[in-house]
Amino acid sequence: MVKLTMEPVTRIEGHAKITVHLDDAGNVEDTRLHVMEFRGFEKFLQGRPIEEAPRIVPRICGICDVQHHLAAAKAVDACFGFEPDDVLPAAYKMREIMNWGSYMHSHGLHFYFLAAPDFIAGKDRKTRNVFQIIKDAPDVALQAIELRKNALEIVRATGGRPIHPTSSTPGGISTELDDETQKDLLQKAQRNVELAEATLELAVPIFEENIDLVNSLGNIETYHTGLVKNGVWDVYDGIVRIKDKEGNLFREFKPADYADTIAEHVKPYSWLKFPYIKDLGYPDGVYRVSPLSRLNVADKMPDAAPKAQDYFKEFQDKFGYAQQTLLYHWARLIEVLACAECAADALEGDLSGEKFPDSLERQAGDGVGIVEAPRGTLTHHYTCDENGLITKANIVVATIQNNPAMEMGIQKVAQDYIKPGVEVDDKIFNLMEMVIRAYDPCLSCATHTIDSQMRLATLEVYDSEGDLVKRI
């Protein structure tokens, strides 16, 4: 038996490894994605006042911190008796603007710095990184920095600070925008519309040049899940829509009912669980949450985003109900444009209304908040007692939900490229990494130590008893 190990997986947020298990004939027997980090944030929340949750949970991550903040805020709203539409309109809109700003920042980071090197910087490992992009196309690098800077300024103004926001309160928000700040943010959002269009003009031809790879690499057929509001793409509020493998409507449910639909499978080699649709069982019920999933389940883009709607229609006309993993990148860039347009539209409006309820009253019981994080659907579920203290917390992040699909995708790559007598090199492992990168997994939810002996690629050979006999 031979086990091939890639450690760490590069250009993702966090650390993971891939192991490929070969039988005695050299055929792929199994492929695994190992995530051995553990944080246990749910336990940290127990005993804390429920209103503190939105200020605590952003520390789970420095990239999707806004979405943890907002999902927690919506769960807290529910614990105070507020439905999403009960939140004061100006506060609701401010939360949306914060979310759109975070999307532009996160998606921009992923495409330009983590994903683009695979398509722009060549096939040599030494040049396949963001530094080569900076060297070869400094204007593109500056474009990426400007887009993310503008996005973070929007988050700073609405969230109280650019990282780990604190502004959402039960039923409202604590930040205000004066006229000068709102005008400045509007200009930044409008500029990001231009930058998002420029990014699509740059990226779409590159994707089309690599269409054979797009149509073949790590593709699997799964169910897709995402929020919609009256059938329209939405990343802050709505109902959860599930479509089956053929694109037919399978189910729609309210956020509070998520536990009736989703269950979790456990495997011993990873801290990440393997969620699935309860009625279908595992692995038949594997589903994905992602930018691609959101486009797949939506009927259209918001009226405030006509340019994104044009790209969305073109995307649907070309690919229909898309299952290709590498199309995540294309979908991600359409969302950047949509968020920039939506933010600009909102910032042109009146945001001066009341943002904090006149009275608050805690209610013992459960509160569930669901938003769409950049990587997919994010759920925060809290139970609190009559004193308003959290007794139980459950956080279901997008990367956990995509975990089964990521592993299935790298299994397919391994089976397609690793054959008896074929030398396994870093190019094959990079193809597996490309599949994982497409999902933009966020594993960096913990501050952890990296082994100083960690290598970019390791070949481990085991004997028939499973004992390690050689490491190269």
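These residue numbers are counts, starting from 1, taken along the chain as shown.
Glycine is treated like the rest: Cβ placed from N, Cα and C.
Keep in mind it's a predicted model, so treat the numbers as computed, not measured.
As written in Swiss-Prot, here are the features:
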| type | residues | note |
| --- | --- | --- |
| BINDING | Cys61, Cys64, Cys442, Cys445 | Ni(2+) binding site |
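Overlay of Swiss-Prot annotations on the structure.
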residue: Cys61; record: Ni(2+) binding site; Cβ neighbours (10 Å): 26
residue: Cys64; record: Ni(2+) binding site; Cβ neighbours (10 Å): 29
residue: Cys442; record: Ni(2+) binding site; Cβ neighbours (10 Å): 26
**Request:** Translate the DSSP assignment of Cys64 (Ni(2+) binding site) into the three-state scheme.
**Result:** coil
**DSSP-derived structure type at Cys442 (Ni(2+) binding site), helix or strand or else coil** = strand
